[in-house]
Amino acid sequence: MSEVFEITVQPGGERFVCQPQQSALHAMETQGKRCLPVGCRGGGCGLCKVRVLAGDYESGRVSCKHLPVEAREQGYALACRLFARSDLCIERYSKPCSESTVDQQQRE
């Protein structure tokens with residue numbers, strides 16, 4: 001039997017298991033979970049961006065546009081290219097509100 005790791009998604013604490021050869025996103029989808037957004041599944045769109053809060057992992061190839069080196073050094077990864085090497089705690093990425101978004105919300 002192969003090794004299995006548990007991934008906990010914050011906020012909310014939803015959990016799913018992941019095998020070492022599966023991406024975190026693929027493992028989540030196969031278990032019918034919806035705790036992370038799903039995009040291209042190929043590392044090119046950045047929609048499934050997460051921050052690894054705890055645990056060991058490896059990352060596959062991703063678009064530098066959506067995940068620059070500085071972000072990777074701060075623990076950010078794309079779930080579609082995130083391979084657990086231990087139990088992980090990850091955090092969903094939320095884009096900071098831009099002024100135009102705030103202005104638009106205030107007008108509504």
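Just so you know, the numbers here start at 1 and follow the chain as drawn.
Here the Cβ of each residue, glycine as well, is placed from N, Cα and C on the backbone.
These come from Swiss-Prot:
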type: DOMAIN; residues: 5-96; note: domain '2Fe-2S ferredoxin-type'
type: BINDING; residues: C40, C45, C48, C80; note: [2Fe-2S] cluster binding site
Minimum Cβ neighbour count within 10 Å among the binding-site residues C40, C45, C48, C80: which residue?
C40
Could you pull the average pLDDT for the domain '2Fe-2S ferredoxin-type' (5-96)?
93
What other residues of the same chain, not counting C40, C45, C48, C80, have a CB atom within 8 A of the CB centroid of the [2Fe-2S] cluster site?
L25, V38, G39, R41, G42, G43, G44, G46, L47, L78, A79
